[in-house]
């Protein structure tokens with residue numbers, strides 16, 4: 001406030017420098033540039049701005065020094081802005097920033113200096129990007145960060161010390177990723193962490209060694225992971241009070257599984273496959289165990305557990321599934337004589353696989369390369385090497401060989417690297433991966449082969465790398481999807497084939513890719529997708545097809561994709577969209593991109609089946625002059641209708657009314673008639689001559705012009721069902 005008063009005394013007004021199409025609130029030092037067409041950060045934002053809202057734009061890249069002219073920012077919102085890359089030093093100069101929201105963008109990689117300069121940042125939201133990998137040191141400059149939100153990204157692996165520098169972090173949110181490999185020291189640098197969310201991942205065993213570094217954590221969520229067994233003393237967290245293992249695949253829990261977590265009070269084991277539990281030794285502070293949704297066998301075999309509950313005064317929630325006489329009875333209501341011995345034998349306890357002794361990594365490093373024993377990294381980047389070097393330390397986990405003219409990857413090219421997780425082979429002029437090229441890389445998760453000259457792939461090239469989850473083949477010379485390649489990759493989750501010259505996706509091309517979740521095919525020449533081409537990928541969540549040659553929505557190919565949440569068809573020459581084209585994915589679709597297509601007509605029933613689940617819809621830069629009824633799209637967070645030449649006559653009145661009831665900036669502009677050209681659909685006065693025009697609507701427009709907020713009723717986003725493309729007032 002002192003700065004603002006000083007500026008006022010000097011005659012400096014933030015509003016005087018407010019860039020179009022932004023709205024500046026000089027009194028509160030807020031600037032809103034929401035749901036616009038900005039492609040670069042405006043350099044005329046008032047210097048004294050404290051809060052800057054840039055949601056819903058199209059920045060793609062945040063360059064170095066993008067905010068140097070606004071050093072007093074404390075809050076910055078960049079949600080839904082199509083950001084794909086943060087250049088090193090992008091936020092340099094924002095030493096006062098405490099809140100940064102980068103949710104729902106397309107960021108894939110965090111570099112070491114991407115977040116440099118944010119020394120005061122307390123909350124960082126990166127939810128809903130496609131971050132596949134975090135380089136150690138990426139958070140090293142965030143010494144004040146309290147909350148880090150990485151939910152709904154594409155993480156499979158967390159390397160050692162990846163969160164180094166976050167000395168005061170209290171809540172780390174990693175839910176809804178695909179994590180199944182955690183370095184033993186992944187959480188070693190988080191002394192203040194109290195809450196860790198690891199639910200909805202792919203962890204097949206409780207990562208006890210990694211979690212043991214969290215001495216102060218009190219809340220741990222591991223629900224919705226395919227964990228089948230909790231072994232002896234599996235969890236050693238001295239301060240843990242709340243543990244969630246619900247909706248996993250648990251079949252058994254060892255008696256002393258939680259003996260080294262003596263403060264545990266709440267244990268949630270709902271919706272597992274447990275027929276019973278043993279008395280839980282060492283859990284002296286436990287007050288509640290939740291077992292609802294388990295097939296509990298209330299026979300004499302459960303008596304020791306029931307007696308322990310009474311003795312330890314632990315509340316148990318759950319009901320018997322068998323025997324029939326006790327089915328539905330709550331655990332708390334049972335008495336020992338009722339729990340009679342059954343002829344059924346309990347299933348044998350699963351035995352935990354013995355941990356393999358870790359080989360002591362040797363300290364050698366090939367000549368001309370750099371090896372980091374602390375991070376287990378090796379790098380020979382841009383050394384003009386003709387052959388792939390060998391003799392790296394055996395505990396190497398990340399190997400960077402990009403920008404060397406290898407031309408080929410021979411068989412057994414990486415001997416002794418059983419712990420290697422990430423392999424970088426970008427820009428290496430590679431034309432062929434020989435069979436057995438990756439043999440022995442049994443821990444490999446990430447393989448980057450972008451910007452090479454590959455046109456075919458033999459399935460045998462991936463023999464011996466069964467854990468591979470991320471395969472990046474962007475910017476190569478493929479003319480078709482390399483069929484048969486994925487049969488030896490049962491864990492493949494993300495496949496990048498963008499910016500090749502693929503002409504079609506044929507049946508059988510994706511055979512074997514049964515766990516694929518993200519398929520990136522943008523920037524090819526695809527004209528046709530066979531009806532059964534995507535059938536093997538029943539777990540697919542994201543399908544990106546922008547920038548191809550499709551002339552229609554591939555409706556038949558979308559059959560059998562019950563989890564598809566994002567579909568990108570931008571920049572395809574689709575001129576018309578017919579009835580019910582999205583019906584096969586209507587129950588799951590959340591984000592739909594139909595922008596920049598030259599679209600001329602959308603059928604009144606094109607969006608049949610779509611509704612409240614839709615969160616973002618992009619229709620900008622098309623040629624139609626009307627759109628279908630979307631009155632039931634009540635969950636919309638982003639709606640972009642910019643650069644669409646709407647014909648603002650009485651047929652458009654239902655759309656005008658609906659837009660007025662949305663609490664969104666949609667950018668809809670009249671293209672005709674002449675007297676309305678260039679006016680916002682929301683504010684156009686051409687509708688005032690239409691039959692049925694009411695005084696209330698005129699009042700709403702006047703309020704909008706005056707800058708006042710619409711009533712709560714008007715902001716609900718709901719309206720009566722109408723067909724925007726056919727109704728006449």
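Backbone N, Cα and C define each Cβ position, glycine as well.
Values in this document were obtained by computation on a predicted structure and should not be read as measured data.
Quick look at what TrEMBL lists:
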- 1-15: signal peptide (SIGNAL)
- 17-51: domain 'LRRNT' (DOMAIN)
- 294-342: domain 'LRRCT' (DOMAIN)
- 339-359: region 'Disordered' (REGION)
- 364-398: domain 'LRRNT' (DOMAIN)
- 645-691: domain 'LRRCT' (DOMAIN)
- 692-729: region 'Disordered' (REGION)
- 720-729: compositional bias 'Basic and acidic residues' (COMPBIAS)
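Sequence-distant neighbours of the domain 'LRRNT' (364-398) (same chain, 6+ residues past either end, Cβ-Cβ under 8 Å): 136, 159-161, 183, 358, 404-407, 409-410, 413-422, 424, 443. Within the domain 'LRRNT' (364-398), the DSSP-based counts of helix, strand and coil residues read 0 helix, 7 strand, 28 coil. Taking H, G and I as helix, E and B as strand and the rest as coil, DSSP gives the domain 'LRRCT' (294-342) the counts 22 helix, 10 strand, 17 coil.
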